[in-house]
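Annotated features, as they stand in Swiss-Prot:
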- Asp11, Lys33, 60-69, Thr117, Arg178, Gln187, 207-208: substrate binding site (BINDING)
- Lys62: active site, proton donor (ACT_SITE)
Amino acid sequence: MNDPRIIVALDFPDQCTALNFAAGLDSTLCRVKVGKELFTLAGPQLVEKLMKLGFDVFLDLKFHDIPNTVAAACSAASSLGVWMVNVHALGGSKMLLAARQALDGKRTRLIAVTLLTSLNQNDLSELGIADTPETMVQRLALLAQRCGLDGVVCSALEAVSLREVTGEDFCLVTPGIRSFGDGNDDQARIATPAMAIRSGASYLVIGRPITRSPDPLGALRRFNDEVASVL
């Protein structure tokens with residue numbers, strides 16, 4: 001079974017641009033991620049069109065609400081046929097359990113967001129959280145695992161410790177992936193593909209290094225080659 005490790009973030013301002021870009025990729029080499037901006041603009045029909053192009057879709061809407069609302073949202077996402085959907089672990093165990101129950105018996109994978117990769121120690125302090133990012137991520141990841149979720153989003157820098165405490169079957173989805181020489185953009189905890197895979201990441205979310213490349217398919221192939229070199 002083909003299991004591409006790279007998830008390309010389709011962070012585009014409109015459906016036409018996103019679909020034209022996706023059509024130039026190879027669905028055997030990647031999955032695609034649709035986030036809040038694009039989904040709000042284009043809606044479920046965009047997901048359906050991407051699936052018709054052969055892509056598995058990660059619907060990155062980070063649900064965070066009362067348990068019943070999140071459960072209904074997860075069920076609706078699954079009815080679209082998406083491969084993966086996410087929720088905020090900070091929603092707590094009742095919300096996480098409701099989301100898990102809503103997807104029981106369905107193919108859609110459910111993961112939790114621990115801490116956004118843009119947050120550093122100073123940001124946590126401003127929120128009244130004394131823990132380090134690493135400690136907070138581990139606590140939230142273990143909560144998600146206890147609630148039966150398939151995995152979490154985490155930076156590559158936290159993946160080593162998370163892999164140790166969650167085991168081999170827990171899915172670690174890692175954003176903030178760059179090649180050496182790329183800018184950090186707005187993500188504080190970044191890594192190269194090889195670093196992330198060696199750290200224990202299951203899937204890598206890559207956006208601008210592919211979407212802003214003059215040769216997106218070539219960039220995707222290079223990232224895949226780097227992943228393959230350490231598997």
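One is the number of the first residue shown, and numbering goes on along the chain from there.
The backbone N, Cα and C atoms fix where each Cβ goes, glycine too.
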Neighbouring C-beta atoms (10 Å sphere around the C-beta of Gly207 (substrate binding site)): 20
Close in space, distant in sequence - Lys62 (active site, proton donor), Cβ under 8 Å, 6 or more apart: Lys36, Asn86, Val87, His88, Val113
Other CB atoms, at most 10 A from the CB of His64 (substrate binding site): 17
DSSP-derived structure type at Asp11 (substrate binding site), helix or strand or else coil: coil
Proximal but sequence-remote residues of the same chain as Asp11 (substrate binding site) (Cβ under 8 Å, at least 6 apart): Gly35, Glu37, Leu38, Gly207, Arg208, Thr211
Per DSSP, three-state class assigned to the residue listed as 'active site, proton donor': strand
Residue among the binding-site residues Leu61, Pro67, Thr117 whose Cβ has the most other Cβ atoms within 10 Å: Thr117
For Gly207 (substrate binding site), the three-state class that DSSP assigns: coil
Collapsed DSSP category at Thr117 (substrate binding site): coil
